[in-house]
Amino acid sequence: MDLVPAPSGETPVKVPVVEVEAVDVAEPVNAESVALEEASSVYETDSDDSDGWDAMSGDDTIQMLRDEQLRDGLVPGACTLEEAVTFRNRLHAIGKAAFVEETIVRETVTAKKLCTAFGIVPPAFLEGAPDESFHPLLAIAISREFSRRRKLPDYNTIDDAVRLLRESKNIIVLTGAGISTSLGIPDFRSKDTGLYSKLEHLGLSDPQEVFDIHVFREDPSIFFSIAKDILPTEKKYSPTHGFIKLLQDKGKLLTNYTQNIDNIEANAGVLPENIVQCHGSFASATCVKCEHKVSGDAIFGEIKAGNVPECSACRQIIEADALKPQGLKRKRSSNGCQKDRKEFEDSSDEEDYEIPNPGVMKPDITFFGEDLPDEFGRRLIHHDRELVDLVIVIGTSLKVAPVAEVPGILPRDIPQIYISRTPVSHTGFDIDLLGDCDVVVSELCRRAGWDLKHHMIPVDEKVDVTPVEGYESRHVFQVVGA
Ligand SMILES: [Zn+2]
């Protein structure tokens, strides 16, 4: 929580020092430090909860307010939507310290009412309490609002989006499962898709266990029993993949950060150096015992057949081993082949010997419980952040780390466009283009005068674009006659 302790010169929102001075203490105490400590202890309670609301409220629940509720005046004593927007703009314009000075310190508004400007209903358990009681809550609300990316006011219309596409030279494209669903590839990490219902018969308590590295190590057959459903069957790709390739052809693609593991970007011709596969992919596989690496194609046949693919390097060693005289064979080993060559021993104690199994080839996708590829943070922070001039997020609700962090990590003046079926509220995009992402990108290309050819886009396709009422930067795309 960045409000506490307050940097020098800032006015922290905290229990007023006056109260501390009134406390009867035996020894002289630095009043200010006590006040800070008290305030700190309030904030520490939310250390393991990014929003902090639950911890702040104890048993009571703190209700969040939507802007629609402010607009409709449904909450007694709350700001109007206009007042709320003015307060938020003011906060971003002058910073936290000056904002608190101007409002709470000068008593131009109560903390209780100001909480509503930042989307918090004054909790019932504070009803009738002095206004200071709302300060800790307000401090969190202000910090949260201040760290949120602000929508840039200059980008709102489809024309703005098209102009950004045409003028930008270093575009980051963030993609998720939504760009592959038109190819029939299930959004396998989402809990409410067909794939997970298939897993019930495997007796898993949580379907995500299929992608848990510990479960994989225990019984890889569980993963491989469903992996064949995730693997793309042919070298096909969607119009949205084609759009990313088109950006590459035009020299505008800085990086495609994809959460998908289907490696379909490659089918579209997006070059490996332009892709960061944030969760790894099926493009390669590694032996869990000897770390022998192969290209993904080498084991696709086995995967398609529903088998557990085994390591050819391990097998060779085992076979070579079998031909050796008894005394030179290795002792039993739980952890593989090449690594413990040195453990060859000359005893003829046959009881120690067992026929070893080759290692399992694990596709290089990132399982739950495994580290994400280093490439992600390295490229984003040390390379792309300096160069990017447009961000386009497609087909992901941006709820899964680390990709969810990307819009916040990039400079705030870089425009961000969101393309998906449903809008997200937790981060402020500049332009929301809602609908089937294949339809949205094909219409954008049409308007940009770009030729996005794909057999899934009818040549005579007409797309209706309608604004969403109340949002000047939100537009719905729909194929005419669909
Ligand atoms: Zn191996």
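From the backbone N, Cα and C atoms, a Cβ is placed for every residue, glycine too.
TrEMBL annotations:
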- His279: active site, proton acceptor (ACT_SITE)
- Cys287, Cys290, Cys314, Cys337: Zn(2+) binding site (BINDING)
- 151-451: domain 'Deacetylase sirtuin-type' (DOMAIN)
- 329-356: region 'Disordered' (REGION)
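A map of TrEMBL features onto the structure.
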| residue | record | DSSP class |
| --- | --- | --- |
| His279 | active site, proton acceptor | coil |
| Cys287 | Zn(2+) binding site | strand |
| Cys314 | Zn(2+) binding site | helix |
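When the binding-site residues Cys287, Cys290, Cys314 are ranked by how far their Cα is from the Cα of the residue listed as 'active site, proton acceptor', Cys287 comes first. Averaged across the domain 'Deacetylase sirtuin-type' (151-451), pLDDT in this predicted model comes to 84. There are 21 other Cβ atoms within 10 Å of the Cβ belonging to His279 (active site, proton acceptor). Of the binding-site residues Cys287, Cys290, Cys287 has the largest number of other Cβ atoms within 10 Å of its own Cβ.
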